[in-house]
Amino acid sequence: MTQTNNKHYIVALDQGTTSSRAIVLDRDANVVSVAQHEFTQIYPQSGWVEHDPMEIWATQSATLVEALAQAGIDHRQVAAIGITNQRETTVIWDKQSGRPIHNAIVWQCRRSAAICEELKRDSLEEHVRERTGLVIDPYFSATKIKWVLDHVEGSRERARRGELLFGTVDSWLIWKMTQGRVHVTDFTNAARTMLFDIHALDWDARLLEALDIPREMLPQVRSSSEVYGHACIAGGDEDDGIPIAGIAGDQQAALFGHMCVEPGQGKNTYGTGCFLLMNTGAKAVRSGHGLLTTIACGPRGEVAYALEGAIFNAGSTVQWLRDELKLIDDSFDSEYFATKVQDSNGVYLVPAFTGLGAPYWDPYARGAVFGLTRGVKADHLIRAALESIAYQTCDVLDAMQRDAGERLKALRVDGGAVSNNFLMQFQADLLGTPVERPAVKEVTALGAAYLAGLATGFWSGLDELRDKARIERVFEPACSEEKRRSLSAGWKKAVLRSQRWAEDD
């Protein structure tokens, strides 16, 4: 364990889809400084998304230096670095030169759809579900790796000879920070590759063979909270470096940042869409409702399991009101207009603009508004749009609770939309469960910092961290069971009528 008596800070590196950030935190988990750099989004053709790994590295290393400078501290005062990252995004690089052989293929990229269809034709769906907890989809890293090896001449043979390395973004950053000494990932990121057996905690031989991916190129998989190596800062040597001591994929880091480390604890990140995770403890629960089974962080960063569900349209629904319908000038205005009316006047808005995600999984569903009468005003539509976010969250959480056999104790929330008090209260009313909004908004970074701090003894354990997980406001349910059932029944009827709309197109 690292000696941290004279070290008063932890740095979290938050490498996201559109920007790289560095956050300095003190012993009380207060944010001391934040530095952020956006980087280029590359769209070679429709449905393809790439990043330049060297630009990711340049922006991330720059934010680290800037955040320390802003805080007015020296790197020798930092006890550890924790890393959280966009998941699934795939980097393959030359072991000798440290240069990527191709741009990073981003999690959003759909170029490997044909490879996924091949896997389905080869009857691998059940094997993927059973071993990895995932579904066959271009979203995950496995088919992205195969695509690069298929399209960069000689790369597969070089990978077999140990000349090329694969990593998700965490692996790439650690390789660069340790000057090529360390090639690792953690269990949460490995679990999103569609190559990792989440039960045996090892790379799956059958999937590697099916995709012709050489095992030699894969990183060592470690826990989410331990010292992996040391970041060499400003040309210094390894002995002078900062311990890199925490890794978690962004959603799992947020779950840990919320201190959702016990079975039945869950969080929802309200962004463009929503990401819901519920801790299921030592039990890997197989979903009967289209949810993913994934690895989360246990109380000390060890392996725990979680159910994960994604909602496609949440904040994007409010953006639609603003940009296309011109009903509001600013997303923040939605709360004001929603509270000008007592209810939605019987209106339900189903925001299936790109189909419906969990638990319906209907790509042919389309957006619809139901219950329109002459008495419906713009305010009612705005309210119905906000309510749709809460209804969709309830659908996923109901599925999670049925799958896990666990009743949600409280829902921890983060993301841009949580500042909307109306939405948070309506969410609590629909769930019949308290909704807890944290005081610290940097929950994902907090999770990475906690993992690094635990590994180095900077923080003593969960009890100390729980004292720091301050809740700014608890939204208690204030709705009768009869009213809740009536609202939910109307929503379910609306969803049913929006389904399979585009099936014949």
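Positions of Cβ are set from backbone N, Cα and C atoms, glycine also.
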According to Swiss-Prot, which candidate in THR17, THR18, THR339 joins ARG87, GLU88, TYR139, ASP250 at the sn-glycerol 3-phosphate site: THR17
Residue with minimal Cβ packing [other Cβ atoms within 10 Å] among the binding-site residues THR17, THR18, THR272: THR18
GLN319 (ATP binding site) CB neighbourhood, other CB atoms within 10 A: 14
CB within-chain contacts under 8 A for GLY315 (ADP binding site), separation at least 6: TYR270, GLY271, THR272, GLY273, SER331, ILE389, GLY415, GLY416, ALA417
GLU88 (sn-glycerol 3-phosphate binding site) and GLN319 (ATP binding site), distance between Cα atoms, whole Å: 26
Cβ packing number for ARG21 (ADP binding site), 10 Å threshold: 23
Around the Cβ of GLN251 (glycerol binding site), the count of other Cβ atoms that are within 10 Å: 24
Distance [Cα-Cα, Å, rounded] between THR18 (ATP binding site) and TYR139 (sn-glycerol 3-phosphate binding site): 17
DSSP three-state assignment (helix, strand or coil) for ARG21 (ADP binding site): strand
